[in-house]
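According to Swiss-Prot:
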COMPBIAS  1-10  compositional bias 'Basic and acidic residues'
REGION    1-23  region 'Disordered'
DOMAIN    31-418  domain 'Helicase ATP-binding'
BINDING   GLY44, ALA45, THR46, GLY47, THR48, GLY49, LYS50, THR51  ATP binding site
MOTIF     97-120  motif 'Beta-hairpin'
DOMAIN    627-662  domain 'UVR'
Amino acid sequence: MIDKRDDKPFKLKSKYKPSGDQPQAIESLVDNIEGGEKAQILLGATGTGKTYTMSQVISKVNKPTLVIAHNKTLAGQLYGEFKEFFPDNAVEYFVSYYDYYQPEAYVPSSDTYIEKDSSVNDEIDKLRHSATSSLLERNDVIVVASVSCIYGLGSPKEYADSAVSLRPGQEISRDTLLNQLVDIQFERNDIDFQRGCFRVRGDVVEVFPASRDEHAFRVEFFGDEIDRICEIESLTGKTIGEVDHLVLFPATHFVTNDEHMEQSIAKIQAELAEQLQLFESEGKLLEAQRLRQRTEYDIEMLREMGYTSGVENYSRHMDGRSPGEPPYTLLDFFPEDFLIMIDESHMTMGQIKGMYNGDQARKQMLVDYGFRLPSALDNRPLRREEFESHVHQIIYVSATPGEYEMSQTNTIIEQIIRPTGLLDPEIDVRPSMGQMDDLLGEINQRVARDERTFITTLTKKMAEDLTDYLKEMGVKVKYMHSDIKTLERTEIIRDLRLGVFDVLIGINLLREGIDVPEVSLVAILDADKEGFLRNERGLIQTIGRAARNVDGHVIMYADKMTDSMQRAIDETARRREIQIAYNKAHGIVPQTIKKDIRGLISISKTSHNDISKEEMDYESMSRGERKEAINALQKQMQEAAELLDFELAAQMRDLILELKLMD
């Protein structure tokens with residue numbers, strides 16, 4: 001195994017100091033962790049600085065920490081914030097590296113086989129390698145991840161044991177090093193020097209680790225001994241400085257040595273023979289032929305190259321696992337005594353539970369029809385109970401914890417006071433009779449004060465009818481539905497903030513992650529229709545959208561008071577009472593949050609003038625112009641990723657895909 005560097009403590013850097021009930025929350029969470037408490041809930045209202053509290057806890061308990069978010073966008077936001085709080089420590093980002101992913105599948109009804117098709121984001125692949133190598137080299141590591149962290153990744157022991165350790169003065173020949181690099185999936189490329197490659201010039205070997213993007217390493221030999229090792233700029237070759245120890249981890253997470261490879265191939269062949277016998281006994285000759293052809297090709301590739309497309313489907317044999325045994329995941333790269341934080345746990349834990357079943361249903365079809373061996377079923381995400389077995393200590397973070405989290409612990413730490421002094425909004429319940437006229441009057445009041453309005457409906461038809469009605473009444477309104485692409489959704493939110501329009505109508509899009517301080521009114525139609533979007537948790541999340549403005553107000557239109565409505569209203573009133581008392585005791589005057597409005601992405605046309613998406617008519621562009629636009633966008637996407645603005649990079653990626661579909 002790799003010797004980890006000396007323990008380096010987490011060092012939190014921030015211009016803020018804990019305020020409101022943050023100090024109490026931080027102290028309670030830390031005391032409970034140090035006291036051995038396994039699970040806790042941080043029940044933090046919208047806008048109370050939960051990420052800052054999480055950072056304070058990490059810095060005080062000083063444990064490697066995994067933070068899991070329920071989508072890439074939120075993970076990117078958290079990564080950026082933790083990176084600012086811990087500039088001297090290893091803050092890593094681990095999400096799915098696919099820009100586009102079509103999983104392998106088979107549809108028996110139409111006899112359609114869909115081959116796996118994917119586009120890997122090179123920047124995210126680099127960050128994934130950076131995360132795993134950091135975890136094996138040091139302890140001061142925070143990894144912000146999506147639920148990708150519960151998917152199979154390859155054995156951390158094989159990954160660490162395959163690493164090549166180099167020091168000046170070490171006796172090793174140049175050719176031996178080259179062979180070792182090839183064994184761990186590095187490619188020789190003397191022309192195009194990029195991640196996962198090495199090049200050779202006489203007695204000098206330059207290696208570009210998979211976890212880097214700008215800096216590579218130069219290993220200089222004197223005979224069969226390493227003379228010196230330098231860190232260099234990959235583009236210019238300029239020396240940055242000498243290093244006294246270099247560890248090169250494999251260029252892929254699925255790696256095995258020659259001895260294990262032969263053992264793995266023998267197991268694959270044995271399973272193939274068994275499955276072929278089964279198919280032939282059932283008269284499934286087509287399936288048998290299909291399976292033999294595909295598996296024998298993969299075996300040949302593994303034998304000759306040490307790798308094959310879809311190698312992860314053989315991971316059970318490569319890792320030496322028993323049938324049904326869970327795969328290795330990112331969680332296995334952490335030491336035993338690590339901390340897990342689940343952001344927006346009411347959403348994330350549901351995702352963790354659901355991943356396994358969907359994956360198994362698709363793969364079972366591939367196995368039944370001879371596209372994969374049964375062992376492919378063991379290349380899968382963890383079941384929830386398997387995830388739980390990795391948990392040493394965990395903090396669930398949410399404004400509305402789910403039933404699962406509440407069943408795991410009775411330790412709930414509340415964080416209700418906002419540093420800005422903002423209160424939870426007041427709530428009115430009004431009858432649905434005459435709601436259109438009443439709502440129109442409320443909207444006009446907000447327009448007069450240059451404030452914005454969210455309206456949430458239960459059905460697409462209701463949203464469309466309401467949009468048409470408000471437009472007829474002269475209101476500047478937009479309807480945001482599920483068909484709208486990520487980039488366009490961001491533009492709609494930006495236009496709402498700028499006042500291009502005043503009212504935004506949606507169904508399930510106005511909950512977590514939509515942060516518009518200009519919104520002072522949230523109207524909930526059909527609030528008394530019990531269900532997923534009108535349960536207590538959904539209502540509290542929707543109410544939270546009005547908690548960023550000092551004049552925040554919520555109107556529920558309903559003909560009866562449901563239990564969910566009453567609980568949401570009571571909880572909001574309880575929080576509001578605590579907030580008012582705190583403000584009064586400390587002389588705090590609530591202020592609306594001030595938040596910059598980020599500019600739209602602009603791209604270069606043939607004239608090289610920066611023109612936003614709104615101003616560009618892609619439909620009328622020639623194919624050549626669209627190609628130039630795509631090239632410019634790809635460059636800007638790379639720049640955004642390098643600046644760690646993954647939300648922006650994801651938006652650019654979505655626009656690139658839209659443009660490519662036009663050709």
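Just so it is clear, glycine is given a Cβ too, placed from its N, Cα and C backbone atoms.
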**Message:** Within the motif 'Beta-hairpin' (97-120), what mean pLDDT does the predicted structure show?
**Reply:** 66
**Prompt:** Out of these binding-site residues, GLY44, GLY47, GLY49, which one has the fewest other C-beta atoms within 10 Å of its own C-beta?
**Reply:** GLY47
**Asked** Looking at the binding-site residues THR46, THR48, which sits with the largest number of other Cβ atoms within 10 Å of its Cβ?
**Response** THR48
**Fill in**
Should one count Cβ atoms within 10 Å of each candidate's Cβ, the binding-site residues ALA45, LYS50, THR51 would be headed by ALA45
**Item:** DSSP residue counts for the domain 'UVR' (627-662), split into helix, strand and coil
**Value:** 33 helix, 0 strand, 3 coil
**Request:** Could you tell me which three-state DSSP class THR46 (ATP binding site) falls into?
**Result:** coil
**Item:** Any further residue of that chain within 8 Å (Cβ to the Cβ centroid of GLY44, ALA45, THR46, GLY47, THR48, GLY49, LYS50, THR51) of the recorded ATP site
**Value:** THR53, ALA399, GLN415, ARG418
**Asked** So, in DSSP terms, is THR51 (ATP binding site) helix, strand, or coil?
**Response** helix
